[in-house]
Structure formats: C-alpha cells, structure tokens
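To keep things clear, I will list the structure first and then write my remarks on it.
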Amino acid sequence: MPELKVSAIKEGTVIDHIPAGKGLKVIEILGLSKLSNGGSVLLAMNVPSKKLGRKDIVKVEGKFLSEEEVNKIALVAPTATVNIIRNYKVVEKFKVEVPEVIEGILKCGNPNCITNYEYVTTKFYVISKNPLKVRCHYCERTMEEEEILANL
C-alpha cells in the first residue's frame, strides 16, 4: 500500500476512520472552519484503508474535543476513531460511540415540536445505531440518518 504523506501535529486531535465522503460533514458540524486558536485543519479524503476500503481523516491542530463534539462525530461517522496528540505522540485513542440518549446536539425535524418554539433542550432516544434512527423525547417523531444529518 502506498505511504500517506501528511505532516504530524504537535498538539491536537486526529479523527481517523471516517467513512469516505463524510470528512467535510465532520468539519462542518464541529465548526472547524472557524477555529479561533490559529491551529490548522487538514482533511484527507478518500485515502486507502484496510478496514473501510476508503476513508477520510481530519487532523485538528491545537484543539481537543469535548464529549458533546465526540457525540456529534458518532452521528455522522460511527466508525471513527479519535486520537489525542501531545508532543507528536498519541496519548489517548478511542472509538466514537453513538450514545443511548442524545441531548442538545440535534434539532427535531417536526416543526410542531415544542423544542422548535420554546427554549427547551432537545432530547432524543436512539432506537437503532445501524442504521441510525432516533425518537424525540417530546413529540415522539422518529428520524432516520438523512433527516438526522440535515438537523445537526
């Protein structure tokens, strides 16, 4: 397999094993195009992968992800792995996992849901992880992957 030539980062996060074509969505939902710390963001798309065939990789310099951000990644790229980098070394590595309950990340697709016109934190229960399907706590609307991605 040909070698992938991408420079290492000193401090930050590498999001690996993103399904091919989903890297831009990961950058978008994490707001990485608006980094205020001056760190760089690198997106490698459609690179060879033994596990996935093809994958995307996102490297973020100078940023460490919160639990909420990791949960957002799980909704878009459930196969992703997050690597925490300090002094050019991986100090922590974990797979993202879709939580059983999703709070405050997702908007409900039902225009009549109370969360769309009152100041109420959204809450969804995961019905299925593959394919991804969630149900709103308030109006009980069920949303599938395409609608979930549109409402992140």
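Every residue gets a Cβ built from N, Cα and C, even glycine.
Sequence-distant neighbours of C139 (Zn(2+) binding site) (same chain, 6+ residues apart, CB-CB distance under 8 A): C108, N110, N112, C113, I114, T115. Per Swiss-Prot, the feature Zn(2+) binding site maps to C108, C113, C136, C139; the stated evidence is similarity to another entry.
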**Prompt:** In the same chain, outside C108, C113, C136, C139, whose C-beta lies within 8 angstroms of the Cβ mean position for the Zn(2+) site?
**Reply:** G109, N110, N112, I114, T115, N116, T122, H137, Y138, E140, R141
**CB within-chain contacts under 8 A for C136 (Zn(2+) binding site), separation at least 6** = C108, N110, C113, T115, T122, K123, F124, T142, M143
